[in-house]
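Peer 1: Right, I'll just put the structure down here and ask away after.
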Amino acid sequence: MELEQLKKSVEENPDDSSLQFELGLYLWDNGGDSEKAAEHFVLSAKSDPNNAVAFKYLGHYYSRVTLDLNRAAKCYQRAVLINPNDSDSGEALCDLFDRQGKEILEIAVCRDASEKSPKAFWAFCRLGYIQLHQKKWSEAVQSLQHAIRGYPTMSDLWEALGLAYQRLGMFTAAIKAYGRAIELDETKIFALVESANIFLMLGSYRKGVELFEQALKISPQNISVLYGLASGLLSWSKECINLGAFGWAASLLEDARKAAKASSELASSMSCIWKLHGDIQLTYARCFPWSGGTENSEFTLKTFSDSILSWRSICYSAALSAKASYQRALHLAPWQANVYTDIAITCDLVSSLSDDSDTSSSWKLPEKMVLGALLLECENSEFWVALGCMSDNSALKLHALIRALHLDVSLAVAWAFMGQIFRESDEMKFAKQAFDCARSIDPTLALPWAGSADTYARESTSDEAFESCLRAAQISPLAEFQVGLAWLALLQGNISSPQIFACIEQAVQRSPYYPEPHNLHGLVCEARHNYHTAIASYRLALAAMSIYPESSVKSHAGKVSINLVRSLSKAGRFKESVMECANLKSKGLLDAGGLQIYAFSLWRTGQNDSALSVIRDLAGRISTREKTSIAFPISFICSLLYCISGLDSAITSIQKMPKDFFQSSKISFIVSAIHSLDQSDRLQSIVASTRSYITSQEEIVAMHYLIALSKLLKTGAGDFLGYEKGIAHLSKAIHMYPHSNLIRNLLGYILLAGEGMKDACTASRCCIINVSECANKEGLKSALEVLGGGSVACNVIGNTAPRFSFPTCHCQYLNAPVVVVELQRFLHQEPSNSSVRYLLILNLVQKAREQRFPRQLCRAIERLISVALSDETCSKEGEYKKFQLLLCASEISLQMGNIAESINHARKASSLSLPSSYLFLGHLQLCRAYAANGSTKNMQEEYRACLELKTDSNIGWICLKLIESQYNLEPDANLLEMSLQECSSQKKNSWKEWMAVYSLARGLDSTGKKDFFSAEEFLAQACSLLNSESCLLLCHGAVCMELARQSNDSQFLSLAVKSLSKVQASSLFPLPIVYTLLAQAHGSLGSKEKWEKNLRLEWFCWPPEMRPAEVYFQMHILARQSEDRPETTSGIENYQSPEKWVIRAIHTDPSCRRYWKVLDKLVQHPMS
C-alpha cells in the first residue's frame, strides 16, 4: 500500500525532488529494483542538485551494483562537497581511493572536508590514520584529538592517539590514551602491550606486568605478550635484587621462566627469546636465596650441609640452563657478539658453583668465549673489560683493561677494575686514583665506592670508609660489600642499626657457605637483644667453618665460640653456656673475657664455689695484662664478689687490691656503687682517690647520677628512700650541667616518685623531650616516660588548653608539650615499644575521664589495651603494668555500661601475683563494679577483702570510705581512720595534704546526706590544713551559703565571703561559679555595688563555648538594673537589651520554664 501511495504521489508531482527520493529509497531498502531506485535518485538529484543524500545513494549504486567506480567516486565527491559532515559518503569515497592506491586524493578529500566543516569528524579520523601511517606524529595527534571530539567512545581512535604520543616521547599522555582505549574495549591487545612496554621503560614494572598478564588472558598464545611478560618480570626481579628482596625476586623469576619457556615453544627459531630465557636463568642462579637459616629449630651439622648442597644444586642447574639457552641463541644468530660474553659469564658462574677447575688448557672456556666476541667486534671496549674480568693472568687482565681505556677513556667500569688490580697488588696510591676516576665518571657504580672504603679503612678514617661502603651496598647488594659494611659498623659501634641488620640478613642468604656472614649476623642480633637468633647464627658459623676448605678461616673458631657463650649467657641459657665454656677451657681457648662469662654463668646456675674458683683464675691473669685492659676484669670481679659473697666480702677484697688497679674511671664507678650500699663508709678513701680519674663531662655527669642514688639509699629511713638529699644533690648538679638530659630525667623521676603532691609539676619542668633519645638504655628513664608518668599523676601537665574542666593546679600554666601527642608520635616510630604504649593508655584514660568518657575515645583505649595485654611479659614490672592495664580496661567497660566485662577485668587484676597493697585496688574496683550492678552481697565481700588486704595508698582508703558511706556498708570507722592516719604519717611531707583530702571526702559525703553542719565542720578542718587550696575553699564557701539560706544566719554569710574571697586570691586565673556565690553573699549582706561587680566578673570567668544559660540570665538582671540608672552604661550587660539576654539563655537551655516566664513578662510589659 505504501509503494502504491508513493507511486501515485510521484505521478501527481513528478517534479517533487523529495517524493522521487523517498520512492527510490523505499525501493532500495525493501529489496526492489535497484535500477528503478537509481532512476528515481537521478530524477531527485536533477530536481534538487543540492540533495547530498541522493548523490550518496547513487554512489552506493555505482560502487556496489554496476561497479562503476569512477561514477561512484564522482557521486560521493558531490555528496561530500554538498555536506562535508556526511561520514558515510566520505568513508565510502576514501575506501574507493584506498583500494585504487590514490592516497593523495584521499588526503585531499579529507583535508577539504575538514577545512570546510569542523564537525567533519570522519575526515579528521581518516586523516589521522593516514598521517599515523606516514609517521607524521605531530599532525596525527592534532587530527586524532579533533576526531575524538566527535567519536569519544571509539577505542581505535584512542589507541591510534596513544601510538602517536608514544612515538613523540610523550609517555604519560600515551599511557592515558591507551588506558582510555582499554576502558572502552578490554580486548585491545595492542593498547595493553604498548602501555605495558611504556611502564617497563619508565620503571613501573609492577604495572607493566599487570597489563601483560591482562593481555595474556585475552590472547594466551601471543608471542609478543609472553615475551613482554617475561622481560617485565625479569626487570622487576632486578629491582627487587637491588633492594635485597632475593626471595621475592626468585619467585618473580620463576614466573618469568615459565613465560619465556612458553614463548620459546611457540617460536623456537627466534634467538632473542632464547637469550631472554638465558638472562632469566642466569639472574635466578645469582639471586636464589638460601633459606635454611636461624628459624630452623632442628639444627645439626648434617642438616646445614644438606641445605647448602641443595641451595648449590638449584643455583647450578639454573646456571646450566642459562648456558644452554645462550648456546641455542648463538646457534640461531652467530653474529651476535654479546651472546659470547653472556656464555662466558655463565661458564664462570658454573665453574664457581661446581668447584671444578679446568687445568687441561692454558685458556679457560670463559676467556675463549670473550675472545670470540672480540673477533666479531674488536673495537668494543666492554668486551675487553669482560676479558680482563674473566682472565686469571694478571698481565692479560691489565692489558685488556688498558685496551678498553684506549678505546673509551671514560669507561668507568674499566677504571674500577683497574683500581681493584692495583689494590690487590698493594699499590694503594694508584688504586685510589683509579677508583676516584671511576666515581667521577659514574657515581652509580658500586665497585669504586667499595674500593674507596677499603682505602679509607687502611688510612683509619672510619667514617668515610663506612659511608663509602654503605653507598656501595646500597647500589649493589653484593655479599662482599655487605660483610665489609658490617665489619666497619662493628668498629664504629653502630652494628645494631636497621641498615646493618638488613644488609647482613641478605649476605647470609647469598653466602651461606661462608662463616663470616653468620658470625656477623650473630653480632648484629646480639646487639639488637635478639639472643636466641644470635645463638643460632653463631652455631651456623661454626658449622660453616667445619665444611669450609680454608684452614685460615677455621682458626677463628675460638672467637666465634666466645661469641656463642656470651649470647647463651645473655639469653639466660646458663647451663648451655657453662658446658660450652668448659669445652673451650679444655681446649685452651678461653681468654679473660670467656672466663668472665664462665664465672657469671656458674654463679647463675648456683655453682658459687666453682664461680669463685674461676674468679681466682681470672685474677691470676690480671697481673700479666696491660694496665689499660685490666679495668673491665677488675670491675667484673668486684661486682660478682658482691653478688656471691655479699657486701663485706667485696669491700674486703677491694681493700686488699693494689692501688694501681684503681687508676681507671670504670673501676671508680664500680667502687662508688659498692660504697653507696655501705652505711659504714669503709671505702671512702678509695672512692675519693679514684674520682680524680673521672675527667670527661659524660663521666662526671654519670658520677653525679650515682652519687644521687647513693644519697637516696643512705639517707633514707627504714623502707623509705631519702628523697630530700637526692633531690638536693641533683638540683646542684643540674645548675652545673643544665644540658644533661641524664640528670634532668633522674631528677624528674625522683620528684615524680616523691611524696609531695606538687612534685609532679616540678618534675615536668625538668624534662626536655627529644624523640631521638627516647630509646634509652635499660634501667634509665627517658624524658617522655617521666612526662608521661607526670601527666598521669596530674592531668593538667601537658594539657595547656583544657576544654572540659577548670583545673586549679598551677601546672596548667607551664608551656609544656601535649604529652599524648608526643607519646603517639614515638609509638608510631617504634610500634613494639610496650612502655610507651602503656603510658599512652594511662594518659588517654585520664583524657577520657576529663571528657566524661566519650564512647569513641573509650573504644580506641579498649583497642590499645587489647594490643598491650597480648604482649605478655614475665617480669615483676610487667605484672604491675598488666595489673594497671586490667584496671583501666575495667574502668572503661564500667563507664561504657558493660558491667560484666568490667567485673571480669577486675577479677583478673585481683588474681595476679602482686603485693597486697596493689591487690587492694583491684578489690576496690570490684566494689565499684558490683555497686553499679546492684549486687550488694558481692560488694560487701569485696569491701571486707579491702579491709583485710590494706594498702599504703591514701587515695585507696578515701575511695573505700566514700563507697562505705554511699552504700551504707558495715562501717568500721576506727579501722579506716587508723589506717589512713598510719598511711599518711609514713609520708611526713604530705600527711597534711592527705588528711585535708580525707576531710574533703567526708564533707562531700555529709553534703550528699544533707547534713550541712557536719559538712561545714569537715570542710573547715580541711581548709585549716590546706588554707590555700581553691577546691577546699570553694566547697566550704558553697556549704556556708547553703547554711546561711537555711538558718538565716549572717555569720555563715561572712564565713562564705571569707572563703570565697580566698579562692580568687589563691588562683592565678579566676574560677567560675565563685563570683556568683560571692554576689549572692554580698547581695544578702546588702551590698548592691559588690553584688553587681561580682556578677559582671562571673561573665569573664567562663570561656565563650562553655558559658551556661544562667550566666546570660544574670546579664539580663544587670541590664534591667542599668536601664533604671542611665549613668551606668559601661558594663558588659549594656551591649544587649534584657530581652536578648533572656533569649540567649533560652537558646542555651530551652527546657528552663523560668526563662520563658521572664521573657513573656518582658514582651508583655517592656520597659521604657
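Placed from the backbone N, Cα and C atoms, the Cβ positions cover glycine too.
Feature annotation from Swiss-Prot assigns repeat 'TPR 1' to 17-51. Here Swiss-Prot flags 52-86 as repeat 'TPR 2'. Positions annotated as repeat 'TPR 3' by Swiss-Prot: 121-154. Taken from Swiss-Prot, the feature repeat 'TPR 4' applies to 155-188. The repeat 'TPR 5' feature in Swiss-Prot is assigned to 190-222; the stated evidence is sequence analysis. If you look up Swiss-Prot, you'll see 301-336 marked as repeat 'TPR 6'. What Swiss-Prot lists as repeat 'TPR 7' is 412-445. If you look up Swiss-Prot, you'll see 447-479 marked as repeat 'TPR 8'. Here Swiss-Prot flags 515-548 as repeat 'TPR 9', drawing on sequence analysis. As annotated by Swiss-Prot, repeat 'TPR 10' applies to 703-740. Residues or ranges marked as repeat 'TPR 11' in Swiss-Prot (evidence: sequence analysis): 920-953.
In the displayed structure, how are the listed features positioned relative to their neighbours?
Peer 2: In the predicted model, the repeat 'TPR 2' (52-86) has a mean pLDDT of 78.
Residues 125, 128-129, 132, 135, 137-138, 140-141, 144-145, 147-148, 194-195, 198-199, 201-202, 214, 218 of the same chain sit 6 or more residues outside the repeat 'TPR 4' (155-188) yet have a Cβ under 8 Å from a Cβ within it.
Same-chain neighbours of the repeat 'TPR 5' (190-222): 155, 158-159, 162-163, 166, 171, 174-175, 178-179, 181-182, 228-229, 231-233, 235-236, 239, 266, counting only residues six or more beyond its ends whose CB sits under 8 Å from a CB of the stretch.
Tertiary proximity for the repeat 'TPR 7' (412-445) is limited to same-chain residues at least six positions away from its ends with a CB under 8 Å from its CB atoms, namely 381-382, 384-385, 388-389, 394, 397-398, 401-402, 404-405, 451-452, 454-455, 458, 475.
With DSSP classes pooled into helix, strand and coil, the tally for the repeat 'TPR 8' (447-479) is 27 helix, 0 strand, 6 coil.
Listed as Cβ neighbours of the repeat 'TPR 9' (515-548) (distance under 8 Å, sequence separation of 6 or more from its ends, same chain) are residues 293-294, 296, 299, 301, 304-305, 308, 479, 482-483, 486-487, 490, 495-496, 500-501, 504-505, 507-508, 554, 556-557, 559-561, 563-564, 566-568, 570-571, 573.
If you look at the repeat 'TPR 10' (703-740), the same-chain residues 6 or more away from its ends with a CB under 8 A from one of its CBs are 668-669, 672-673, 675-677, 679, 691, 694, 697, 746-747, 750-751, 753-755, 766, 986.
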Peer 1: For the repeat 'TPR 7' (412-445), how many residues does DSSP put in helix, in strand and in coil?
Peer 2: 27 helix, 0 strand, 7 coil
Peer 1: So, by DSSP, how many helix, strand and coil residues make up the repeat 'TPR 9' (515-548)?
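Peer 2: The breakdown for the repeat 'TPR 9' (515-548) reads 30 helix, 0 strand, 4 coil.
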Peer 1: Let me spell it out: take the repeat 'TPR 8' (447-479), skip the flanking residues so only those 6+ beyond its ends count, and list any with a Cβ under 8 Å from a Cβ in it.
Peer 2: 241-244, 412-413, 415-417, 419-420, 423, 428, 431-432, 434-436, 438-439, 485, 488-489, 491-492, 494, 499, 503, 506-507, 510-511, 514, 517
Peer 1: Run through the repeat 'TPR 3' (121-154) and tell me, per DSSP, how many residues are helix, strand and coil.
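Peer 2: Summed over the repeat 'TPR 3' (121-154), the classes give 27 helix, 0 strand, 7 coil.
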